[in-house]
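Student: Handing you a structure now.
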Amino acid sequence: MVLPNFKENLEKYAKLLVTNGINVQPGHTVALSIDVEQAELAHLLVKEAYALGAAEVIVQWSDDTINRERFLHAEMNRIEEVPAYKKAEMEYLLEKKASRLGVRSSDPDAFNGVAPERLSAHAKAIGAAFKPMQVATQSNKVSWTVAAAAGKEWAKKVFPNASSDEEAVDLLWNQIFKTCRVYEKDPVRAWKEHADRLDAKARILNEAQFSALHYTAPGTDLTLGLPKNHVWESAGAINAQGESFLPNMPTEEVFTAPDFRRAYGYVSSTKPLSYNGNIIEGIKVTFKDGEIVDITADQGEKVMKNLVFNNNGARALGECALVPDSSPISQSGITFFNTLFDENASNHLAIGAAYATSVEGGADMTEEELKAAGLNRSDVHVDFIIGSNQMNIDGIHHDGSRVPIFRNGDWVI
């Protein structure tokens, strides 16, 4: 199988990521994070960014094979250390208010067999060192977009019955192009219409200002409090310079932050989570007074426990996102083993940091003010999927009255 018009569609995709995604403007600095396997796409993205007037495009290459060898064999003190030159680059990008474009294509099993303690130590070090970048991103001080490209090992994981590696890659590219509306006659207009539909749902929820949400489904009975003056966001965002951008491509979600002090009950995952090169399945999380008091998993439990119990702020939630079961990604019936796609197939929660923009005025608040407003602060932000066609969600008003939001996995407001 050879995907028809692949080069033409890859060019359209690159243009979408640079224009609709990070929305490059003349004089912008762009930081592109991408795998070495995706050099063809990287070249197109760099070309498009400069064509729109970018002042500089900095490419940050990654390689799963090299990273795996490092995690397996490097001395532990090196794994726990973030070199000064990487911190200096981060400071440079912050100074330039660089737009960040991250293209994900990693093998979901890249670090399978690496000791979870080594992966956890590295993630903790990176989280602490790059905290200023995380804060700038999560408060939309800069434009940022997360997208995907069809890596060979990832494609083989998603399509194990493909007749060849080439066919698996083609099948995955086809899904990426489809969900990112590349095949539409006018992709830019298609994205605007899609964003408008999501914005309409966000407006309804913002006007309601529910006190809490109640989730029920097989394996789930969870109540999440919502902060005062919380803000539901959808596809588009605005950076500190007043420029629009799309944080995720694809996206199907409407999201906010729960009050991290008010989570009660239990919730079960409905799709695998790919985290730190490991697949985690069958997650069940129990909350009391906002805090995770127990977490189990059928596969990858040790990795999950390391995430939750060894990272500051990881015992509470930072995001709750609503995605209907009727979304195109869900209806494809494909498990992508990639959070960007799987989270846009279904309702999900995030362990760790909340986005500052999830409360009114949050982008200008200090860390202490955000925490006082009910927004969790952490060095990590990890989404896991909880939705299904059996999930019901109610909005609870301050007087205790309830309004159905989801029934059988779909919007009813």
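Backbone N, Cα and C atoms are what each Cβ position is placed from, and that goes for glycine too.
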Student: Look at the divalent metal cation 1 binding annotation in Swiss-Prot, where E319, E343, H348 are given, and name the residue from E253, E281, E291, E369 listed for that site too.
Tutor: E253
Student: Which residue, out of the binding-site residues H348, H381, shows the minimum number of other Cβ atoms inside 10 Å of its Cβ in this structure?
Tutor: H381
Student: Can you count the other CB atoms that lie within 10 A of the CB of E319 (divalent metal cation 1 binding site)?
Tutor: 24
Student: Whole-number Å distance between the CA of H348 (divalent metal cation 1 binding site) and the CA of D383 (divalent metal cation 2 binding site)?
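Tutor: Just about 7 Å between their Cα atoms.
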Student: Identify, among the binding-site residues E253, E343, D383, the residue whose Cβ has the fewest other Cβ atoms within 10 Å in this structure.
Tutor: D383
Student: By CA-CA distance, flag whichever of E253, E319, E343 among the binding-site residues is nearest to H381 (divalent metal cation 2 binding site).
Tutor: E319
Student: To the nearest Å, how far is the Cα of E319 (divalent metal cation 1 binding site) from the Cα of D383 (divalent metal cation 2 binding site)?
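Tutor: Taking the Cα atoms only, E319 (divalent metal cation 1 binding site) lies 8 Å from D383 (divalent metal cation 2 binding site).
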